[in-house]
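Shown next, in structure tokens, is the structure this report addresses.
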């Protein structure tokens, strides 16, 4: 334990992060190691290039979007605490904790997870998924298998399904509503190693 | 209720007949086969029986040949009887709501067995292991493999395997040892059972039975994770059961003294060989099926058969190699499903799906009925209170302990842990069934003295779990508020987002440097896309593989079906085919109906009625918005629909026996001559019906041969009648329209002629024949006012007309001048061209249409 608490000290404001994200200190340590590993030049922050160096991401059709999600608008660096906060979205929902910890919404709540997913669609961050944005995602994910015409009709149809106020775009509320039945807890969580 | 009793009565009679027949056969044949044939046995031991007739002295006209067909006949009769039981049971919804069907089937088995006992004074039929394992079980397993929700199954594979392997071993060992302990303690009196026999008994009782589990859980609809764990366990634990059973059976034969460490190691090795070997055989057959269906394009009719034959072969092959047959068939189904669905024609896929359900459901029914029937046998009822009750208790308790312990460990590694309540249901769902019974019957009486006691106990356990636990399962699920499965409609956005989630998770795992499920899943997907799919899937099918696209396709199909039903209900599909019209139409309806409505004359009404309903509700609001995207799918559906309608109404007899002859071709005849003939016949029929509807004006004999003269004579005749009556009855309209139809085709109205041509084909169901259909009848509109509606009314026109109309330009040409000529002779018509034209487009028997370009190839 001694070593872990000592290395915990090198993590800036660790306690605060743990409270905000719900990660345990073991998780945090692990993630810190990972962060340092990604941060090849030891600058204390990551740039998009660092992410692009991660092997699997290059093959991932929406890898670019996910990288973008780490960078809040206008910035091109991410420090450890933002890094952890983003990853915290993917922590599985912790049932016991939910009961007590209502005072503060953890990033792994249903809404926050959905919000994250929403932002992956919403490239221009105007709070709406437009047809063009939807189309881009579809294009990336369906790739060459489907013709452009079909892609367009899929996008059109998807918008019509979800679009309740008929503004030809999907707002976050509409998004949330149309995914009401999806078990987000399972689908937006990964098992972080301890 | 009355019908129900009648059914029951019928069933009883059938049974008596059955019993009588079997009696007859026994007299002649020393009943050597009946006891073992039971249900589906095709072990044709009876075959040669009754043929040793004395040399004939004269030619018999009719002979009684019961012995030739006794086995087959009994098999068929029994299947019929079992299914009738199900029919009766399912007719009673109030009962099936509370008691699961499987329990009721067993009970009806008791009754049937009682009747047989009453007739024969002995057990004539019972479920034999051969029949069960080779003829009843395979299709159930194949069905569950083929319809396995793959993703769910593989996501939970770890938990399933742990429960199936460790859980089953635990059940077997704990039951065997505890019973032995109790025996030693003297709880069961004097029984000749040793430790090994107890363990053998434990191993056959250990396995949760897929058939029973499926039957009960199917009706309860628990959440899918819970379901897949219990069901997956019941499928996969077969490997374990078979091994345990074989190993202990061998040990019993060897005798306690000769068992050493080497034998035990062999037993463990054989477990892995049996389980993995079985799965490998299944995978091999699955790949074979996929490859086969890649090239069955030219024999589409029997292509579904391959799935069944290969599935059965995978079962038999595994059995032949003494590997786990159930595992083999399961994996065969799991593996081939994706590729089979992509490779085969849509209709073949449907055929496989339904045929599979028929077989599986049918044999499940038979199994349960025979489990009931098997109970009515004095021989097997050896009562030993201690043994039976302790077995029941131990099974129940150890199942709970095992599940809770294993799941507690598993929960530590699960992303979303299984809740306590779910574990209760998992434990409670440990139903034993026919597999255990089949194994118990397989026991060797020479080695195990108390075989009958074991069979008896197995039966009691089966009844207890299937009937009692089955009945209480639903209330328990309700009471504990177990999360139920929701019936969800997939939306595109949902599917898309799911796909996106998958990618996101992989990416996040990459970023955070973890190797988790998602990592392996994405690796597997890459592998599959790179190697498996190109090998096993038709190139043309690959493109449609994407889930999002698939959902899109499904949704479109669904929409199209809705359109068709809606359209047919209101008698028209025009709105489907013409998307600009749909909007115009709706607009018009709204703006114009309000003004013009009050005075629609009666002869307008019928058609407008139809149009009306169409305009209001049947066009769902979505349709207006989505028509563009769905147009394509609609066209498909429309084509299907056209065939259907043609089949039904246009030219029934001829066409049907045309393809009735062919065993390999379903296609509707496209012969040019026939199309012409269809057309001519239809025309004639219509004219006749119009004429006869018009109070006995004799119908023209043939339309095609009409000379100008005839036509001219006829028309004025009709006209005069119509004038006198002045358009107040439905009949009148025909009059009008008939005479005027020509004007619709007059070149002076080019814009209308096209449209008008397709609509009137509605002939058969021309609403004018059913005058009082619509409440709108009371409203009237004078013809001149109605003119403005022309367009809309046309749009509303019958679907059948458009799709169904035979299109033969040659006929058209022949008829057109003839029709036009009537105009010149009838001044009345000339004057009123606008009105009449409009009317005829509403109600006229169809003049031959010019070929609408879009319809090409539909007929």
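Glycine residues also receive a Cβ, built from the backbone N, Cα and C atoms like all the rest.
TrEMBL: automatically predicted annotations, no manual curation.
Your range for transmembrane segment, going by TrEMBL and the list B:321-342, B:387-408, B:475-496, is B:387-408. As stated in TrEMBL, the feature transmembrane segment covers range B:154-175 out of the listed B:44-65, B:154-175.
The range from B:786-822, B:823-859 that TrEMBL describes as region 'Disordered' is residues B:823-859. A Cβ distance under 8 Å defines the sequence-distant neighbours of the transmembrane segment (B:361-381), meaning residues of its chain 6+ beyond its ends; these are 38-40, 78-79, 81-83, 85-86, 102, 105-114, 116-117, 123, 125-127, 132, 135-137, 139-140, 211, 214-215, 433-434, 437, 452, 455-456, 459, 462-463, 466. With Cβ pairs under 8 Å as the measure, the transmembrane segment (B:195-217) is packed most heavily against B:452-471, out of B:125-142, B:268-292, B:452-471. Residues of the same chain lying 6 or more positions beyond the ends of the transmembrane segment (B:154-175) and with a Cβ under 8 Å from any Cβ of it are 198-199, 201-203, 205-208, 225, 228-229, 232-233, 235-237, 239-241, 244, 391, 394-395, 398-399, 401-403, 406-407, 409-410, 413-414, 418, 426, 517. With a threshold of 8 Å between CB atoms, the same-chain residues lying at least 6 positions outside the transmembrane segment (B:387-408) that come near it are 159, 162-163, 166-167, 170-171, 174-175, 178-179, 182, 187-188, 191, 205, 418, 423, 426-427, 430, 432, 453, 456-457, 460-461, 464-465. Segment contact is absent for the transmembrane segment (B:125-142) and the transmembrane segment (B:268-292), given fewer than three CB pairs below 8 angstroms at sequence separation of 6 or more.
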